[in-house]
Structure formats: C-alpha cells, structure tokens
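Feature list (source: Swiss-Prot):
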type    : residues                       : note
DOMAIN  : 51-278                         : domain 'Radical SAM core'
BINDING : Cys66, Cys70, Cys73            : [4Fe-4S] cluster binding site
BINDING : Cys110, Cys141, Cys201, Arg273 : [2Fe-2S] cluster binding site
Amino acid sequence: MSSQPVTFQAPVAPIVPTAWPVDDVLALFNLPFNELMFRAQTVHREHFDPSEVELATLLSIKTGGCPEDCGYCPQAARYDTGVTAQKILPLEEVLTAAREAKAHGATRFCMGAAWREPKDRDLEKVEEMVREVKAMGMETCATLGMLGEGQAEKLKNAGLDYYNHNLDTAPEFYSNVISTRDYQNRIDTLARVRNVGIKVCCGGIVGMGESRLQRAGLIAQLCNMDPYPESVPVNNLVQVEGTPLHGTDPIDPLEFVRTVAVARITMPKARVRLSAGRREMGEAIQALCFVAGANSIFYGDKLLTTGNPEALADQELLEKLGMHTRSTAIDARCDVTPS
C-alpha cells in the first residue's frame with residue numbers, strides 16, 4: 001500500500017487506501033455484530049442527531065438507451081428489461097416533481113440521466129433545471145455519467161450542490177460488473193467535480209456477488225479519498241430480469257447492515273444514504289441500518305426505474321422509530337469538510 005494520501009487533482013491515480021488500509025476495514029466487518037453496532041452508533045452521535053433522517057428524491061430526467069453494459073442496470077440498451085428509451089424530460093415536468101418532493105419534506109432533489117456522458121446541448125438543459133430547483137430552496141444533485149473537461153464548471157456555475165458518481169464496487173471486482181468504463185474513468189470524473197467545488201456523492205452497490213473482502217475494498221476506496229465523499233449512497237442490488245446480475249445470490253440482510261455500519265465508522269461526517277433495495281429489506285432491517293448510522297433515504301415510489309417503498313410506508317416507519325426529518329436545506333454539520 002502507498003503511504004501517500006490521494007488528493008483530487010484531475011487526472012489522478014487510482015485511490016490506494018492509507019489511513020484505512022483494507023485489512024483494517026475488514027477487521028471492522030469481522031467484529032461481533034453488537035460491538036460493530038455500538039461503535040457505529042457512537043461515531044454517529046458525535047456528528048449527527050441520531051433521530052434525524054434526510055429525505056432526498058431521485059427523478060429520472062432521461063430514461064433508458066444507455067450504451068454502457070453495467071450488469072445491474074435495466075437502463076442499458078443492450079439488455080431486454082422492458083425499459084423504453086425516452087428523451088430528456090421537459091423543464092416544467094421536472095419542476096413539478098421537485099415542488100411535490102419539497103411539499104413532502106424532501107430537502108435534496110437528485111436528477112439522473114442514463115448517459116455515458118452528457119452532450120453539451122443536453123447539459124444546458126440540466127443547468128436550467130438545476131438553477132430552477134435551486135431557486136426553490138432545495139439542494140440539488142445530478143448523476144449524468146462521466147463528465148468531460150469544462151462540464152463540471154458549467155454545473156457548478158448553475159448552482160449544483162452535489163454530483164453523484166458511484167465507484168460501484170472494489171477495483172478487484174469491477175470487471176465482473178462493467179467493461180465499457182474503467183475504474184479510472186470514474187476517478188477522473190470525481191476529480192473534476194471536486195476540483196470545481198461541487199460536493200461529492202459517491203458510494204456503491206453490494207449484493208452483486210462480491211466477497212466481504214471486496215466490500216471492505218470498496219469502503220476503503222471511498223474513505224481514503226481526500227476528502228471522503230460528503231454523501232455516501234449504499235445500494236442493495238435490485239435484481240432486474242434481463243440484466244446479467246439477475247439471479248445472483250442476495251446478500252445476507254445483516255451483512256448489509258454491517259456495510260452501513262462500517263461506512264459510518266470510516267466516514268463519520270458523511271451522510272450515509274439507504275438507496276436502492278430498501279423495498280426488499282423490510283422495516284426491521286431498515287431500522288437496524290438507522291442504528292448503524294444511516295441518516296438519509298431516497299423518498300418516493302420509484303428510484304430511476306426500480307421500485308422504492310411508498311411514501312406513506314416511509315412516514316409510518318419513521319413515526320414508529322420516533323425519527324424526524326431534516327427540516328432545512330442547510331445542515332451545518334453536513335457542510336463541514338470531512339476528515
């Protein structure tokens with residue numbers, strides 16, 4: 001392992017864990033469950049109200065037709081998943097969705113597009129969406145694929161708060177998931193985003209057939225970024241018929257909880273978000289994830305093209321747990337630079 005921390009200066013070399021070597025992250029995974037949960041909750045309480053959860057909404061502004069071959073994704077054009085390619089949504093349709101999300105308590109509005117990378121003419125439309133949603137008093141996030149030179153600056157100038165670009169998995173497992181984009185492509189995009197002052201939303205997907213060591217490797221990659229992401233989505237694979245990963249043995253639910261806990265311990269100031277796969281978890285596992293340090297969820301009946309718990313079900317769960325939602329778009333603790 002290299003002894004030098006990685007800094008965001010595009011282009012950058014692949015991230016090599018230093019402050020949290022993979023073996024140390026793996027040791028957290030291997031702790032007795034109660035000990036791991038205690039440590040995660042202790043860290044969580046040092047930086048956040050343990051009863052608060054952030055509501056974020058994710059809208060697909062351009063669905064289907066993606067040329068990539070991500071093995072988990074129903075939006076890849078090469079897979080027969082029943083997803084029909086659509087053009088980018090009109091501005092007013094996006095704004096209507098944002099208004100509805102805000103009315104239901106969401107403080108962050110995320111816009112996703114199934115592109116390998118955005119064309120400049122499409123990026124201009126996204127910039128307008130960002131400006132208008134930002135004017136509503138909501139935080140803005142976009143996930144548009146890889147960004148070329150100058151594109152991150154345009155999004156920053158439009159007022160974008162966060163850019164999502166997941167690492168997906170550990171470098172050692174990456175070739176089992178995707179072949180049309182390499183790991184360095186992802187690192188380069190994250191570097192461009194970080195260098196212009198946009199906050200980074202970056203996490204991964206578990207349950208794709210990876211080992212515990214490889215899950216530890218993913219978290220080591222994330223937590224050794226300098227700085228680590230402000231927002232860390234943890235996705236549980238939603239298996240979609242027609243994709244190569246359909247039929248993969250699912251991850252044990254308690255192993256998913258462990259993953260959330262390890263993310264919290266290694267990235268103490270990040271928003272750790274329960275993302276895809278919540279509908280399949282059930283209330284008990286979601287509750288354990290909150291104890292493990294998750295403090296953000298995607299709210300709404302759909303995430304891009306896959307299902308999500310109904311809004312009413314989420315409200316009822318949070319009431320059962322005595323949790324409350326983040327009430328403003330500005331959270332001073334979340335804005336502190338991670339360290």
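Placement of Cβ uses the backbone N, Cα and C atoms for every residue, glycine included.
On the backbone, the CA of Cys110 ([2Fe-2S] cluster binding site) and the CA of Cys66 ([4Fe-4S] cluster binding site) stand 19 Å apart. DSSP assigns Cys141 ([2Fe-2S] cluster binding site) to a strand segment in the three-state reduction. Take the binding-site residues Cys66, Cys70, Cys73, Cys110, Cys141: by the count of other Cβ atoms within 10 Å of each Cβ, the lowest one is Cys70. Report note: the [2Fe-2S] cluster site is defined by Cys110, Cys141, Cys201, Arg273, and the residues of the same chain whose CB lies within 8 Å of the CB centroid of those residues, excluding them, are Ala56, Leu58, Arg108, Thr143, Tyr162, Asn164, Ser231, Pro233. When secondary structure is read from DSSP and collapsed to three states, Cys70 ([4Fe-4S] cluster binding site) falls in the coil class. With respect to Cys70 ([4Fe-4S] cluster binding site), the closest of these binding-site residues in Cα terms is Cys201, chosen from Cys141, Cys201, Arg273.
When the Cα atoms are compared, Cys73 ([4Fe-4S] cluster binding site) and Cys141 ([2Fe-2S] cluster binding site) turn out to be 20 Å apart.
Neighbouring residues of the recorded [4Fe-4S] cluster site, listed in sequence order and excluding Cys66, Cys70, Cys73, comprise Glu68, Asp69, Tyr72, Pro74, Gln75, Ala76, Ala114, Ile178 (Cβ within 8 Å of the Cβ centroid). The secondary structure of Arg273 ([2Fe-2S] cluster binding site), as reduced to three states from DSSP, is extended strand. Its Cβ placed at the centre, Arg273 ([2Fe-2S] cluster binding site) has 24 other Cβ atoms within 10 Å. There are 27 other Cβ atoms within 10 Å of the Cβ belonging to Cys201 ([2Fe-2S] cluster binding site).
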